[in-house]
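Beneath this line is the structure, given in structure tokens, with notes to follow.
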Amino acid sequence: MMRPAASSASCAAGAAGLMAAGMAGPGRAAPGRGPGAGAGAAAAPGTRSGSHPPASPRQIPAVPALVTPFRRAGAAGEKGQEEAARPRRFLPALLWFRAGRGMEPPEGDAEMLAGPDPELAATMGFSGFGKKARTFDLEAMFEQTRRTAVERSRKVLEAREREKEEQAEKELKSRHTDSSASASTATGVGSTLKPRDTASSESEDSSDEELIGPSMQSQASVQGPVGGDDDDDDEEFIGPPLPPGFKDSDDDDTEEEDNNPVKKIPDSHEITLQHGTKTVSALGLDPSGARLITGGYDYDVKFWDFAGMDASLQAFRSLQPCECHQIKSLQYSSTGDVILVVSGNSQAKVLDRDGFPVMECIKGDQYIVDMTNTKGHTAMLNSGCWHPKIKEEFLTCSNDGTVRTWDVNNEKKHKSVFKPRSVQGKRVIPTTCTYSRDGKLIAAGCQDGSIQIWDRNMSVHTKFHCRQAHAPGTDTSCLAFSYDGTALASRGGDDTLKMWDIRQFKKPLHSAERLSSFFPMTDCCFSPDDKILVTGTSVKKGGGSGKLFFFDRETFQKLYEIEVTDASVVRCLWHPKLNQIMVGTGNGLAKVYYDPVKSQRGAKLCVVKTKRKERQAETLTQDYIITPHALPMFREPRQRSTRKQLEKDRLDPMKSHKPEPPVAGPGRGGRVGTHGGTLSSYIVKNIALDKTDDSNPREAILRHAKEAEENPYWVAPAYAKTQPKTVFAEVEPEDDETDKPEWKKRKI
């Protein structure tokens, strides 16, 4: 029997021989060896039958020399047959590699590649060994693929063109009222679509695996008229053809709403927010429409959360960020995380979403003549707004004649200064300012009636200006850019509302007059669809109701008006996301107009919530033990609510810390009177006698009776003839009263 080591050695030698045969060919010997070298190597001494010595690099036998030992070993016994039946994979792999690389086989390999060798196939163990390897021409394959793709793309384009032709023919068929003409048209459509059917069938036969081209639904719609019984066409065209100009009712409603912009105004419902009793001069809504802020002449800023409010409509926070200065403008930033507060002082403030201060602009030096060299405003602010794109930048204008831009992260100095000038080059006061929708332009309305527009990056010369936009000496209260950025609306103090095209800024496109305005912050705004312009009017006390007017942007025709309240309409705001209109009035109200169908969130969230009931536990001062059967001396008094206890303590001057009333007269009890604390008043206070008379008032009057009777001057001469003689009661001596009991004594 053969040992396993010899068997493995023979396999390794056989593999090496096969590889050498693939390289050198069956008819040639290995380099440095003769034709008979292999036979001599097979009978080397020291080896057993069926085993081979390990082949060195210089002694690689050829294929014929290896085949003979394999056959002999196979004839020797069963072990040799198993060894001969093992596949040898080195030569096929080498031949496949050479064929894939496009390498021509050597001359000696031509005979082996010409056809399968039965002896070699039996030796290797499978019948397919020795066949010529298949070659692949990649360029030819890519070319074939490209041609196939071009052909299929051409068919897809032809199919789309025919679909377009079919749609055009369908439109022509619907226009014809004659049934015979429509039938002939349908026949023509069917005849023109038959080649498409055959082309599609050919394309389906050519590619069974992939579906290239339009979807099955579109093919079915194209092939449907060929059969003549398309279900979709039957559903669309039932009965006689529709007359020209016929429209569905839904289409009529939609088109009517588009043609009538009044139906887009959300005014069917309203809620009223009680800010205070004085004018609501500022309104602000965050970009998402979740919170509303109101500011007024009462110095208060109130926060309203639509999602957190109930039907009681109470603000969740109220504060005075600028102490005793009227609030003129409030606006959320583009991200809604900070709020710009512009008041009557010279320093604008920035608050966070909950009302806590973030930064305060610096005040400039008012003794410097050139306002460019000051770090901030030196006079009262008039207006301000945020940059629409840059969340850290905002804009303010002031009575010092400058318009300044600021950065939230730098409160020590402004970013840039714009100085509006009059025709003579003198300083004019800007009363309102704003950014364009893209933030590239800065516009300001001035007291001389002009509107001046600068490029944001060039602060010296104006880019557009109109000197006589409004009447000189009036305060232009608002400037608003349209959403498309081409139109500018201005609300003037001369009771006008004008529309401008900034590309032709010499004269207004439209103008509306007799719109009274008594406030320097009466504003105007555009609707979300940019087709309507809104503004409010002012009225005197008892002079009627303040109204909200809606004008068409194209024709400037008055479309609609809303009677808001019996006071002036100062602020108006139309939020694009909520589609709700917020109005601030002169009597301290903030009204919200909305439509349950057209509006989103906002006021719709709070009106559906019921009022919260107060908890009884919150009204008690402290917990106590109830002992109904205790003795009276140990029974605790009944606890009262906090409100009643506070009212009771308010009446107690000691608990309420009631201040002492002002001194009347010359002064008493060591306190100086109203005449002051000078040296003379001190001397008078200490020297002057106490004129208070603690005696009987009857005696004090009768003290002057004798003098009045002898020298009558005021009343007695007029009644000398008719006046009866005065009779006074006699005074009883006090000694008599000492004997009387206490309850009988006369009380004076």
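Every residue, even glycine, has its Cβ placed from backbone N, Cα and C.
Record features, source TrEMBL:
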type: REGION; residues: 22-60; note: region 'Disordered'
type: COMPBIAS; residues: 22-32; note: compositional bias 'Low complexity'
type: COMPBIAS; residues: 40-51; note: compositional bias 'Low complexity'
type: REGION; residues: 148-266; note: region 'Disordered'
type: COMPBIAS; residues: 148-178; note: compositional bias 'Basic and acidic residues'
type: COMPBIAS; residues: 179-192; note: compositional bias 'Low complexity'
type: COMPBIAS; residues: 202-211; note: compositional bias 'Acidic residues'
type: COMPBIAS; residues: 228-237; note: compositional bias 'Acidic residues'
type: COMPBIAS; residues: 249-259; note: compositional bias 'Acidic residues'
type: REPEAT; residues: 273-305; note: repeat 'WD'
type: REPEAT; residues: 374-416; note: repeat 'WD'
type: REPEAT; residues: 435-455; note: repeat 'WD'
type: REPEAT; residues: 479-503; note: repeat 'WD'
type: REGION; residues: 636-677; note: region 'Disordered'
type: COMPBIAS; residues: 636-660; note: compositional bias 'Basic and acidic residues'
type: COMPBIAS; residues: 666-676; note: compositional bias 'Gly residues'
type: REGION; residues: 725-748; note: region 'Disordered'
Intrachain residues whose Cβ lies under 8 Å of the repeat 'WD' (435-455), provided they are six or more past its termini: 385-390, 395, 397, 403, 405, 418, 420, 422, 428-429, 461-479, 481-485, 488, 490, 492, 494, 500, 502, 505
Per-state residue totals over the compositional bias 'Basic and acidic residues' (148-178) - DSSP helix, strand, coil: 28 helix, 0 strand, 3 coil
Positions whose Cβ lies under 8 angstroms from the repeat 'WD' (273-305), at least six residues beyond its ends: 313, 315-332, 334-336, 339, 341-342, 353-355, 519, 521, 568, 570-573, 575, 577-578, 580, 582, 584-592, 600-602
Mean of pLDDT values spanning the repeat 'WD' (374-416): 92
